[in-house]
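Swiss-Prot annotations:
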- 2: phosphoserine (MOD_RES)
- 2: N-acetylserine (MOD_RES)
- 2-48: region 'Necessary for nucleolar localization' (REGION)
- 301-394: region 'Necessary for nucleolar localization' (REGION)
- 335: phosphoserine (MOD_RES)
- 358-394: region 'Disordered' (REGION)
- 361: phosphoserine (MOD_RES)
- 365-375: compositional bias 'Basic residues' (COMPBIAS)
- 366: phosphothreonine (MOD_RES)
- 386: phosphothreonine (MOD_RES)
C-alpha cells in the first residue's frame, strides 16, 4: 500500500484531503476542550490521558464508516505535562500518576488523523483560576509569551516566507517576556501518514544547530504542525529518567528481532499504528508491551518521545496548531480555548515590527476560512476574537 502512496502523494490541492484535515481538526479541538473542562484540582493525569485517547477513537469511529479500509484515530497520544515538565508525559497504569492541583500550569497535547491526514493541537492553561481573578507573575509571562509566539507564527508561516523568520520572531517575543523558547525543539511539515516531514522550524537553536538546520521556504499546499514551547527559565529540556511511554515506528529502519515478545509487540505496532506515534497504554497487556518495546527501541525500529523537564520551579507553556497553506491564505484547523484576559503580565512585546505583525489582521484569513467552511463559523469567531484582542492588548 505504501508504495502506491509514495508515487501519488495526496495534498490539500484536493478538496477531499482538506475535508479530512478539517474533520480531524474538529475532533482534536473538541477533545481538547472537553479535557480542559475536565481538568480541575484532584483529577488524575492518567485518567485524563485515557479519556482523551478514548474520545479520539470514539469520534474518529463515527466518520467515513463505509470506508472499512481507511485508517483513522490517534496521531499523537494525549499527553499532559505540568509546570516544569516540558512534554510527552502520558503515564501507564503501572507508572506513578500525577494529581492536578490548584495553580498548576497544564499543557495538553494530542493529535488526530483521518486517513493519515494529521491534525495536532496543544494548549496551556492554569488550574482553578477563580471567576474574576487573573493569573500573574511568571506563569502569566510564559503563557502570554508562548501564545504570542503562536500568533506570530500564524502570520509568518505562509508561502514565500522562510523558516528562519519564524525562529527569529519566537526569540524576540519570548525575550520580551523575559522567557526563552525551549532549545532545539522542532515544528514539522505534515504529510499523509507522516508526522515528522522534512521541512522544519527550529526553536532557539544552539550555534551548532543553526549551522546544521536546513533553511526552507514555505510553499502553497503544504501543511505544518506549528509547535511553540516557551520556558520561564533557561529553555534547556532534559531527560530526568521518567519512563518513556510514547514511541513511533521508523519505517526506514529494519532489524530481525530475536525475542518472541518483541516480535509479537512489533507486529501489533505495525498493524495498529503504522508510522503514527502510539502509547504503550494502548496495549492490552501493558507488561508485555513494556518488555517488547526494549529490543525494538534499542535497534531503532521505534523512536522514543522522551519525557523532558526544565529546572524545578520554572514553568513551560506550549501552544501547537495545525495550519494548511491554502492559495488564499493560511487556514488554522486546530486551536485551544485561549482566554487572553485571564493572564496579566507586566511585560509586553516592545519590538515595533513584531507589534505591527501581531496587530496585522488575521481576520482576513478568518473571512476566507468562513467561505471555506461555514460549519466552523463558531470556532472562527472565537479565534477571530482572540486575534483582535491580541492586537488591541499587545
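Note that Cβ sites are derived from N, Cα and C of the backbone, with glycine treated the same way.
A Cα-Cα distance of 18 Å separates residue 335 (phosphoserine) from residue 361 (phosphoserine). Using DSSP to sort the residues of the region 'Necessary for nucleolar localization' (2-48) gives these counts of helix, strand and coil: 34 helix, 1 strand, 12 coil.
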